[in-house]
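Encoded as structure tokens, the structure appears first; notes follow it.
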Amino acid sequence: MSKTAELIIDGKSYTLPLVVGTENEVGIDIAELLEKTGAVTLDLGYKNTGATKSAITFLDGDKGILRYRGYSIEELAEKSNFLEVAYLLIFGELPTQQQYNTFSHDIKTHTLVHEDVKKILDGFPSTAHPMGVLASLFCSQTAFYPESLDPNRAVDGVYLSIVRSMAKMPTFAAWAYKNAVGHPVNYPDNSLDYCSRFLKMMFALPAEQYEVDPVVASALDKLLILHADHEQNCSTSTVRIVGSSKASIYSSLSAGINALWGPLHGGANQEVIVMLEQIKKDGGDTEKWINKAKDKNDPFRLMGFGHRVYKNFDPRAKIIKKAADDVLGKLGINDPVLEIAQKLEEAALKDPYFVERKLYPNVDFYSGIIYRALGLPTDLFTVMFAMGRLPGWIAQWKEMRENKEPIGRPRQIYTGATQRAYVPVGTRG
Ligand code: SDX
């Protein structure tokens, strides 16, 4: 394999170094391109552009491979748990039993939030989308922990911010939900594991006992593992670029939450259920909706289908599809939209439009069906995605800071007006 690439501009040849990763991905290092050639590259949406070198997550879109720190998503989903996967992503290795116990204990001791958070929560109308509440509560942590604003803090300070973020995410998420339904918030019960603690904060009511269903807690734990990281996706790139200005971890994570909210990204899991309900209400005619998705004059897209990178099955979608059958079976739930989803997938995977464009179900296509079976309200689905993605965002932010990466500042190709003289208002128009 050659170590360089040759670029010819106006007959002049330039040699650019090649970078090869541990999975043999090849990158053209253009760090000196502008200085050497006077030209920049242009790549809308960065589909062909590597923004960094990272040792955290590897995915192969053609082969449908996803690995966290070298471990396959299939193995981790089957054998690990969310906190262990969070530790693996953030610190690079699977924890020893002692390391796991310490990490889990440290998180438990930070699950409470400052009582003044309730005043912020009270400022939100019950109609506020929980993602907006979550992003605000995360950013508010800069006010309660002003030392986090110091970009040069010692490593242990970063560890404390990491533990606080992991610890308070479920509390924020559950409190955002309680604010939406007008119920009193619940305090975390540290005798429970991570997912059970969240479920109890979500669904317990002061008027009665609440027991967490282990089937529900286990299914949620698996879903959080599947969402934990995904290379340089939209929200992770947002966390990195905000963090590159040495903004605090809380501001960076809040920015990631906002990016994830979009319906083309994490917001798709909510849109999938809205779409399936629409199809059900419309009589379940999947062919009609497939044709709408194919119609260039129709803004409708098949939500939960397609991916920026996967041009094969999203390995997470396969695992979630199987888990959906298991969970609904164990909970004795017969959700008609599951059948519609399966019919839609079957029809789309045979249709040339989707086959030619390599559009497959992605992580969001089936996840909403499980969240709904777990009793979660639709507008909390993307909050679940954020809870899962949190350790990935943290790991990527930490790697970017440890590698002392420069502040992110992409260039552009200017296409606006060339120089022109100012015109007094009386002579315009
Ligand atoms: C996530 O990046 C990540 O890793 C993200 C994520 C993560 O874990 O972080 O995996 C999570 O965001 C999953 C994606 C969730 N979004 C959706 O399900 C929304 C529906 N999907 C699309 O909007 C779309 O597929 C994207 C945005 C996901 C990907 O868009 P691309 O790769 O830029 O594809 P494109 O928009 O260039 O489309 C290519 C063609 C177009 O048709 P032509 O112009 O070639 O005729 O495919 C068509 C598109 O119109 N197309 C679809 C479609 N997705 C693409 N047509 C109908 N339905 C769809 N869903």
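Heads up, the Cβ atoms here are built off N, Cα and C, so glycines get one too.
The feature active site is assigned by TrEMBL to His307, Asp364.
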Cα distance (Å, whole number) from His307 (active site) to Asp364 (active site): 10
Where Asp364 (active site) sits in the secondary structure, as DSSP reduces it to three classes: helix
Assigned conformation of His307 (active site) - DSSP reduced to three states: coil
